[in-house]
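The next block holds one structure in the form of C-alpha cells; read it before the comments.
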Amino acid sequence: MRARLRAWMESLQEVFWLRPAVLVTLGVVAAEVLVRLDGAFSDHEWAPSGWIYAGGESGARALLGAIASSAIGVAGTVFSITIAALSLASGQMGPRLLRNFMRDRGNQMALGIFLGTFAYVLMVLRTVRSVEEDAFVPHLAVTGALLLALLCVATLVWFVHHIASGINVERVIEDVHHELVQTMDRLLPREEPPEPGAARPPEGGRPVRATSGGYIRSLDTEGLADWAAERGLVVCLLMRPGEYVSQGMPLAEVAGEVDGEEAAGRVCDAFILGERQAAGQDLEFAVRQLVEIGDRALSPSSNDPFTAIAVINRLVDILCRVADRPMPAPVLFREGQARVFRRVTTYDGLCDAMFHILRQDMAGSAPVLIHLLESLGQVSGVEHRPERLAALRRHAGFVLEAGRRTIEDPAGLVDFERRRARYFPAL
C-alpha cells in the first residue's frame, strides 16, 4: 500500500496543472471573500487609509483591466519562450530537462501566481458598478489586486533567474545527482540484510501474467511478502522496476496452495505500471539519467570533455557513498522463511550502468579516459569488499584496453600509463 501511495504521490509531481489549478481556485475564492468584506463596510471607512485604494469606478476598472491583461499576456509569452529554450537545451542534455521543468514546483507556482492573479482580477472586475448601476467599488479587493500585481513582477524576475540557472549543465547534473542520492538512500539499506543461505526459488510455481503493458514504476514487494506469509506461499518475481512489461508476459510464479484468481489479482496489484520509467525504485535508471548527460557531451557534435568529467565525478561520489552499504537483498523473509525472491540491482550491474556507455563513447578522448581511470582508483581506495574491488578492477581493465587502443597523443598515453601504475599496478 505504501509503495502504491508513494508512486501516486510521485505521479502527482508530474501533473503540471495541479498547483496552478489550486492557485486559480484560491484567487476566485479570495476575490469573493474580499468583495463581500467590502460590501459589509461603507466606502468612507477605507478612505482615511493611504494603503487602501480610494479611487472611483472608472479608475478601478482601468486598473483591474491593465492588471488582468498584463498577467495573462506575460504568462503566455514567458512560458512559450521558456518551452522553446528548454527544447533547444534538451537536445544537448537530454529530455530530462523538459521533465524537470514540468515537475519543478517553482515553475508550477509561478504559472499559478500569474493565472491566479488573472482569475482574481476578473472576479473583482465584474463587481465594479457605476452610479447608474448602484455605484460600488470594492476598495479592499482592488488593493488586493495591486498587491498581486507586485507579486507578479517579483515572480517574473525570479522565474527568469530560475530558468536561466536551470538550463545550466552544472545545475542539471547536480539536480540529477541529488535525485540519485535520494533514490540510493531510499533503496539501499544501512544494515546488512539477512543472508539468503540455502534459500532457492521453488520450481513448478503457478505463473501470473500481466493484464496490461507499461514500464514497472513501482513494485510492492513488502506487501507481497506479507501476503505470502499469511497464505504460506512463496513468490518468485520475474520482473523488476524499470523493465517494460507487455500484456501476457509472466510477472511472477507463485508456489503453494492458493486460488489462481487470488494470486493473479494480488500479484498484479503489486505491480504499478506507467508510460515512463521512474527513479523511485530503479537505481540503475537514476544512474542512466546522469550517464545520458555525459554521453551527449561526448558526442561528436558537442565534444565537451569537461561535462563528461563532471558526470564522472558525481558517479564516483555515488560509489563512495555505496561503499559502506549493502545492496538490496534478493530474498525477503518473514519469520525466518523465504517468502519473496526478487531481482535486484547488484554492484556489478550498478558499475555496468555507470561506465559501459561512457567508456564506449569516450574512446580517443585522453582527458576523460585518464580521469575515469583515476576515479576508479579513488573508489578502490574507499571500497573494502573483495567482490566490489573485483568489479572496479574489471572496469579499470576495460578502460585500459580502450585507452591503449585509442589514445593517439604520446604524452597523453604516458600520463594514462602513469595513472595505471599508481592505482592498478597489477593490470
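Each residue's number is its place along the chain shown, starting with 1.
Cβ atoms here come from the backbone N, Cα and C positions, even for glycine.
Over in TrEMBL, the protein carries these features:
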- 21-42: transmembrane segment (TRANSMEM)
- 62-88: transmembrane segment (TRANSMEM)
- 109-128: transmembrane segment (TRANSMEM)
- 140-161: transmembrane segment (TRANSMEM)
- 185-212: region 'Disordered' (REGION)
- 197-210: compositional bias 'Low complexity' (COMPBIAS)
Spatial neighbours of the transmembrane segment (140-161) far in sequence, C-beta under 8 Å, 6+ residues away: 30-31, 34-35, 37-38, 46, 51-53, 55, 60, 63-64, 67, 70-71, 74, 78, 106-107, 110, 113-114, 116-117, 120-121, 124, 127
Distal contacts, the compositional bias 'Low complexity' (197-210) - CB-CB under 8 A, six or more residues away: 234, 236, 245-255, 258, 260, 263-264, 267-268, 271, 273, 331, 338, 341
Secondary structure content of the compositional bias 'Low complexity' (197-210), with strand meaning DSSP E or B: 0 helix, 4 strand, 10 coil
